Amino acid sequence: MTFRGDTAVLVLAAGPGSRMRSDTPKVLHTIAGRSMLSHSLHAITKLAPQHLVVVLGHEHQRIAPLVAELADTLERTIDVALQDRPRGTGHAVFCGLSALPDDYGGIVVVTSGDTPLLDANTLAELIATHNATSAAVTVLTTTFSDPLGYGRILRTQDNEVMAIIEHADASPSQREIREVNAGVYAFDITALRSALIRLNSNNTQQELYLTDVISILRREGQKVNAQHIDDNALVAGVNNRVQLAELSAELNRRIVATHQVAGVTIIDPATTWIDIDVTIGNDTVIHPGTQLLGRTQIGECCVIGPDTTLTDVLVSQRATVVRTHGTSSTIGAGAMVGPFTYLRPGTVLGTKGKLGAFVETKNSTIGTGAKVPHLTYVGDADIGEHSNIGASSVFVNYDGTAKQRTTIGSHVRTGSDTKFVAPVTVGDGAYTGAGTVVRNDVPPGALAVSVSPQRNIENWVQRKRPGSAAAQAAEKASTRTGKQSQQKSEPD
């Protein structure tokens, strides 16, 4: 989206966010996989403004590097302005303007870093409305049934915007007003600069309010315009953990609905959480209790869940993933994972492969058609195509100093309870017996067996645990066995 004339956007993110009661700066709290500030900057970037400035104050040392990272991600310049003291929103805008070129003469859009649902379309409509009029400012408004904490819109009898009164300074009758300031404005920069120098701190909070610019411009006879939006969630701010949870749920509801409309079956939207950067293919079914996080990508015709959490996982088409926790892994087409499977970073499961119940994998490649059906740890390993790893096997990858790799060839069959002591290689087509500890390479086609013949120590329990329940049971069994042997030896 681009507009005639120049556009600069100031994002106010200098406040301490004390009501969050958090060591994390408010604008860095996350919703749907992005920080609130990241949501704002993603939306603004779609407008392609000539200038984008983030105004920082509290904890600016922590936030500024993340702004730089977002600038790289979004492939655009984002300037940072510093508000050295918390003197109010009017002062924050004054600081933000200092980051613009002295000869900049376009419009200035002001928004905040704690309205994560504010989208590019809403901003674009505000700018278009402002460009179509001769107003000095166009303010975005909305209506809340409970407008606690929001500045109220005061209108004349002709329904023109007269002023904005902050909640703390509002009279009881003014607090009954339900139309509120959304905290988003489009200003003529000349009018804005002229009004900012007239601000004073004669208010309850002793701050320079940006909202006072409205009444100043009005008194000067300049036109003040307003644009009302019905969808108040788009401009709802976050000041505490309750509001954070409420907006998280609302954004998730919208994300889920978007996927449903696009052809994804989501059995229970109320228990399904999907981050904003997740993609899901057509005809995939998402079962209850599923979380798809980060940049997870799900192909077409997959079955995911129930009770599954995937973070930055790539799932190819027609795969099934049940009751699985996975991070930074890849699941091939037609593969089957779960239940109760743990995919740690670096896991790559090939086409039609299988990772079954109580299997944990890490930094390993499991080839096409290979199977690890149950009760196994696979760490730092490469398993060839169509191999089968027996139950209770362990890839012993740590030698006390560093992680070592194990290589399993194709079409290998390993017995239950096999231990692979890395570094070790098992050749194509080889077998291992149950309980084998593989310490040396196994040639292709060989059978590896390391278990010695079984040795039974007769009457050990009676001697070592005399009088115990086990000894008594053994004695009875021996007596029965003796009688049966005697009966067999007697002639008919």
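Placement of Cβ uses the backbone N, Cα and C atoms for every residue, glycine included.
Lifted from Swiss-Prot, the feature list:
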- His374: active site, proton acceptor (ACT_SITE)
- 12-15, Lys26, Gln83, 88-89, 112-114, Gly151, Glu166, Asn181, Asn239, Arg344, Lys362, Tyr377, Asn388: UDP-N-acetyl-alpha-D-glucosamine binding site (BINDING)
- Asp114, Asn239: Mg(2+) binding site (BINDING)
- Ala391, Asn397, Tyr398, Ser416, Ala434: acetyl-CoA binding site (BINDING)
- 1-241: region 'Pyrophosphorylase' (REGION)
- 242-262: region 'Linker' (REGION)
- 263-492: region 'N-acetyltransferase' (REGION)
- 461-492: region 'Disordered' (REGION)
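On the structure: features taken from Swiss-Prot.
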{"residue": "Leu12", "record": "UDP-N-acetyl-alpha-D-glucosamine binding site", "Cβ contacts under 8 Å, 6 or more apart": "Val55, Thr89, Ala92, Val93, Gly96, Val110, Thr111, Ser112, Gly113"}
{"residue": "Gly88", "record": "UDP-N-acetyl-alpha-D-glucosamine binding site", "Cβ contacts under 8 Å, 6 or more apart": "Ser201, Gln205, Glu207, Leu208, Tyr209, Leu210"}
{"residue": "Asp114", "record": "Mg(2+) binding site", "Cβ contacts under 8 Å, 6 or more apart": "Ala13, Gly15, Gly17, Lys26, Val27, Met36, Gly237, Val238, Asn239"}
{"residue": "Glu166", "record": "UDP-N-acetyl-alpha-D-glucosamine binding site", "Cβ contacts under 8 Å, 6 or more apart": "Gly151, Asn203, Thr204, Gln205, Tyr209, Thr211"}
{"residue": "Arg344", "record": "UDP-N-acetyl-alpha-D-glucosamine binding site", "Cβ contacts under 8 Å, 6 or more apart": "Thr327, Ser328, Ser329, Glu360, Thr361, Lys362, Asn363"}
{"residue": "His374", "record": "active site, proton acceptor", "Cβ contacts under 8 Å, 6 or more apart": "Gly356, Ala357, Phe358, Val359, Ala391"}
{"residue": "Asn397", "record": "acetyl-CoA binding site", "Cβ contacts under 8 Å, 6 or more apart": "Gly379, Asp380, Ala381, Lys403, Gln404, Arg405, Thr406, Ala422"}
{"residue": "Tyr398", "record": "acetyl-CoA binding site", "Cβ contacts under 8 Å, 6 or more apart": "Gly379, Gln404"}
{"residue": "Ala434", "record": "acetyl-CoA binding site", "Cβ contacts under 8 Å, 6 or more apart": "Gly390, Gly415, Ser416, Asp417, Thr418, Val451"}
> By DSSP, how many residues in the region 'Linker' (242-262) are helix, how many strand, and how many coil?
Replying inline: 20 helix, 0 strand, 1 coil
>> Using Cβ atoms only, which residues of the same chain lie under 8 Å from Asn388 (UDP-N-acetyl-alpha-D-glucosamine binding site) while being at least 6 residues apart in sequence?
In response: Ala370, Lys371, Pro373, Val412, Arg413, Thr414
> Taking Gly15, Gly113 as the binding-site residues to compare, which has the smallest set of other Cβ atoms within 10 Å?
Replying inline: Gly15
> When you measure from the Cβ of Ala391 (acetyl-CoA binding site), how many other Cβ atoms are you left with inside 10 Å?
Replying inline: 19
>> I'd like the number of other C-beta atoms within 10 A of the C-beta of Ser416 (acetyl-CoA binding site), please.
In response: 17
> Over all shown protein chains, what is the count of other CB atoms within 10 A of the CB belonging to Asn239 (Mg(2+) binding site)?
Replying inline: 15
> Do you know the mean pLDDT across the region 'N-acetyltransferase' (263-492)?
Replying inline: 95
